[in-house]
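Remarks on the structure that follows.
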Amino acid sequence: MLTFSFLTLFPELLAPFASEALVGKARARGLLDVQLVNMRDFAENKHLKVDDTPYGGGAGMVIRVDVVERALASLPPADEVILLTPAGERFTQQMAEELSRTTHLAFLCGRYEGFDARVERLATRELSLGDFVMMGGEAAAACVLEAVARLVPGVLGDEDSHRADSFSSGLLDYPEYTRPAEWRGEGVPEVLKGGNHAAVARWRREQALARTLARRPDLLPSAGLTPQDSAYLLTLGVTPEQLAAWGAPPPPLPKRRRGAKPNPN
């Protein structure tokens, strides 16, 4: 069972993520567990103060490293101690899949001016959601919880669900539709209503390729493109030179008509 431990000054911010929706159901079924650790419980003063003024001066308060160390020591050893910080490496779907195969993840959620720099020695990994700054690490940690927990076997009702998600195939996800069949003049693509599973699969793959090309072309070099993908991308205006730069295979050769003789030229 995978356990998520969150070291925070505001456990009430994370409580809904731990008790509601699929994560809450997974906890009830014993598929995973979530522990909320209030770092104030490890302060050694009557006011439960966990921070102090920064050396060298400056605005704000800094969370003490000794408090964090005591809070971590109260937990069983973690496979990863993750510090949420704008300076960390960008969190990806690949990382989520890697983390889902562990048994215990501990998250350090900062506040105010952040942690004493020596907290980095307690972390095994530093993660960031992007190039922006939030008021604390709890929201970022909740995002990682959602991304990782859904990959734990049994958490999703349909085990194939996450395999078709954006990034799982290396591409953005294809568009999905449901009833009504028409809304404000926009209908559902006919191919999705025809019952031809091969045609639906081909349409979805092409839509994922088109979306990725338009919105995140940087993903294409690592998307595991096939010769058929290359052929479709050429119809979207991609050049053979671009395909070669991405490391994509060449499109399949046109099939020769049965009985046709090779052109001697």
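Backbone N, Cα and C atoms are what each Cβ position is placed from, and that goes for glycine too.
Small disclaimer: the values here were computed from a predicted structure and weren't measured.
What Swiss-Prot annotates here:
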type: BINDING; residues: Gly110, Leu129, Gly130, Asp131, Phe132, Val133, Met134; note: S-adenosyl-L-methionine binding site
type: REGION; residues: 243-265; note: region 'Disordered'
type: COMPBIAS; residues: 254-265; note: compositional bias 'Basic residues'
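Most buried of the binding-site residues Leu129, Val133, Met134, judged by other Cβ atoms within 10 Å, is Leu129. Per-site Cβ counts within 10 Å over the binding-site residues Gly110, Gly130 peak at Gly110. Same-chain residues at least 6 positions away in sequence with a Cβ under 8 Å from that of Asp131 (S-adenosyl-L-methionine binding site) are, in sequence order, Pro86. In the three-state DSSP assignment, the secondary structure recorded for Gly130 (S-adenosyl-L-methionine binding site) is coil. Around Phe132 (S-adenosyl-L-methionine binding site), the C-beta neighbours below 8 angstroms that are at least 6 residues distant in the chain are Pro86.
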